[in-house]
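Chemist: Sharing a structure with you now.
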């Protein structure tokens, strides 16, 4: 009797949870992404630019370069980073787990495809999408679905493709769209197939969600703190390290990066390591091409620079098996080399 009564009492209030989640998603994305990018698209169309390269004018002193880059970077992404942590924690307490299991929890290709589709409105950079992917994994979303969502956010970002068309040309945007779609779907599918789920990866899933552990605010507070502590400190540290190394990763000297296979490989690998805000690959490539970089290394960089980064891979170390993250990073680099290599042939 008691169990039946509690079940009946709980049922009528469940609708507000997903409703609140989607309200936060829509309001947050409108404020952080959709409305600013709408105006930025007109700027890109009129000026054929969306701003200066975030890598320009690196200080020779590594410590100063690290601080300068961290300041510029975090000023650009802090709103999206906060939104990512909020959504990554809310998805653990507001979205019924069986909803996620029916859509993104499947290990078949359907889960990967849905993860890709759900990523399109997000338009987040790889580091801001990482907390959301981590929250999804805590809800037992499959590796394929979570990886597709994580990579699809920056790689298939509709706003970035529009900016790219106006700034670099629609040929670049078309290549990024087609190659990016193949890259996201193929890598997520292969990682799902080749990497076995481990008990260590699945263990955290059961601890945050049950109603018996307290009310909404207490459970959300625990989820928020756990997600913040497991992602943000290492994120900040990794950004500082890469900020110090940027002058060596991306040489801007005239003619330094020519149209050769060596530079295709170098740019593909550097792009997998470095961290940038959303769409920052466009002015980076624009500046480097004006300095003499060839089309093939440019395409390699356009594929890998937004897709993954060392900080985002580290942020997801507790959400995915290590093998899954290594494979993802390696296959993104290979994808960049393939796209750049094909450009050398044609």
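Cβ from N, Cα, C; glycine included.
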Chemist: Out of 71-91, 92-112, let me know the one Swiss-Prot marks transmembrane segment.
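Modeler: Matching range for transmembrane segment: 71-91.
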Chemist: Taking 41-61, 167-187 as the choices, which stretch does Swiss-Prot tie to transmembrane segment?
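Modeler: It is 167-187 that Swiss-Prot annotates as transmembrane segment.
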Chemist: Which listed range (12-32, 71-91, 113-133, 260-280) shows the maximal number of Cβ pairs under 8 Å with respect to the transmembrane segment (296-316)?
Modeler: 260-280
Chemist: With a Cβ cut-off under 8 Å, give me the same-chain residues at least six positions beyond the ends of the transmembrane segment (12-32) that come close to it.
Modeler: 79-80, 83, 86-87, 90-91, 93-96, 99, 121-123
Chemist: When you check the transmembrane segment (71-91) against the transmembrane segment (260-280), do you get at least 3 Cβ pairs under 8 Å, counting only pairs 6 or more apart in sequence?
Modeler: yes
Chemist: I'd like to know if the transmembrane segment (223-243) touches the transmembrane segment (146-166) in this structure, counting it as a touch only when three or more C-beta pairs sit under 8 Å and are separated by 6 or more positions.
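Modeler: Contact between the transmembrane segment (223-243) and the transmembrane segment (146-166): absent, because fewer than 3 Cβ pairs are under 8 Å.
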Chemist: Quick one: do the transmembrane segment (113-133) and the transmembrane segment (326-346) reach 3+ CB pairs under 8 Å, ignoring pairs fewer than 6 apart in sequence?
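Modeler: Result for the transmembrane segment (113-133) with the transmembrane segment (326-346) is no.
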Chemist: Find the member of 167-187, 223-243, 326-346 that has more C-beta pairs under 8 Å to the transmembrane segment (260-280) than any other listed stretch.
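Modeler: Looking only at 167-187, 223-243, 326-346, the most contacts with the transmembrane segment (260-280) come from 326-346.
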